[in-house]
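Student: Here it is, the structure, as structure tokens.
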């Protein structure tokens, strides 16, 4: 899955065009011969950089172009973080749309010669439908108070799933009506192409936003882990790489993979220590009724409070320390950085295989030296899913605030029934006396 400046996977889209031609066997060429080639985007490296780096070899020119653009994107990412979580959410949406556009454009480039009707129109329509469904679910889940306060939002929330289903059925019927004789199979291929793209891009970006609402630290640290791993793996591979790692990406090496692993763990533990001390990063995004605005302010949970941990005897003999003071989140960051270093790169390998299948170097040429936006986010979407599952499995517990909000939305008789059931349960547990006296003047 994929911030966007953050999604600076330096290693991600290594120049593989030459490897595509040299590394593909005759058998592969014959098998793929029926797949039309997607036009290769022209080199859009700024002319200033081309002139300044004209005396360098292509290898070192690529190094400098990547490095300069990477620093620019990281700087932009820091600026976006400063603007707050709602701006980050909008950036996620923009990146999602661009990634979808790049993948759909590849499909259109491959099959446009058949002049199939409505392919692009239906693809973008389904994107609209899926985003309406996911964002509606998110708003209702996280900002229930705001939804219940506004009449139009309350109506849309009540019938949200029915409206979403009706919108999708409209697109489905449009697709059936667009079927053309002798091209049925191809059109169903493209129908599947659109839906798989929606599954990979839209679903994962939705999970990224869920992670963001849990606290910006759950958004920034995982993304930073992937970026750090890509950059360090690229650098270790560039200077020390000798042993090829995987055929799908001929320039990836074991030296880069291992070096990136250790560098990422160290970086993410340090970054987590810095960020865990600020409420701005650790507090969930909530809607404040009093100020009528979104806010990031809370009393940090135990996860973000310093605690003493006893060191194993081996480390104690080396460091001379008996305990170390850490945030519990730093322990979790080791799991996040390990996934980003070991499993995360397989998102890049998957993207490399996809590009090989269609004989293209990059998804697009949006970012000079890096390719398209999707080339920067191939690892991020996989990471987003892991973080969401990790939070649900090991971090998130019942949220009393959300339960109370839902109770207040019920009818008076339903609230009274729940009150009596809860009172009976607490009396049975011995937490309340058998007779609960409530004065007449207390509501």
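Residue 1 is the first one shown; counting continues down the chain.
Keep in mind that glycine also has a Cβ here, set from the backbone N, Cα and C atoms.
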Student: Please identify the range among 61-82, 83-104, 215-236 that TrEMBL labels transmembrane segment.
Tutor: 215-236
Student: Among 187-209, 302-324, 371-393, where does TrEMBL put the label transmembrane segment?
Tutor: 187-209
Student: Can you say which of 118-135, 136-153, 352-369 is given as transmembrane segment in TrEMBL?
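Tutor: In TrEMBL, the transmembrane segment feature sits at 118-135.
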Student: Among 7-29, 30-52, 329-351, indicate the range for which TrEMBL gives the feature transmembrane segment.
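Tutor: Per TrEMBL, the stretch marked transmembrane segment is 329-351.
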Student: Are the transmembrane segment (118-135) and the transmembrane segment (187-209) close enough that 3 or more Cβ pairs fall under 8 Å, when only pairs 6 or more apart in sequence count?
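Tutor: They are in contact.
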Student: Other than its close neighbours in sequence, what residues sit by the transmembrane segment (257-281), given a CB gap under 8 Å and a spacing of at least six beyond its ends?
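Tutor: Hits for the transmembrane segment (257-281): 11, 215-217, 220-221, 224-225, 228-230, 232-237, 240, 245, 296-298, 300, 304, 326-327, 329-330, 332-334, 336-338, 340-342, 345.
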Student: Are there residues at least six beyond either end of the transmembrane segment (162-180) with Cβ under 8 Å to its Cβ atoms? List them, or say none.
Tutor: 116-118, 122, 125-126, 128-129, 132-133, 136, 156, 187, 191
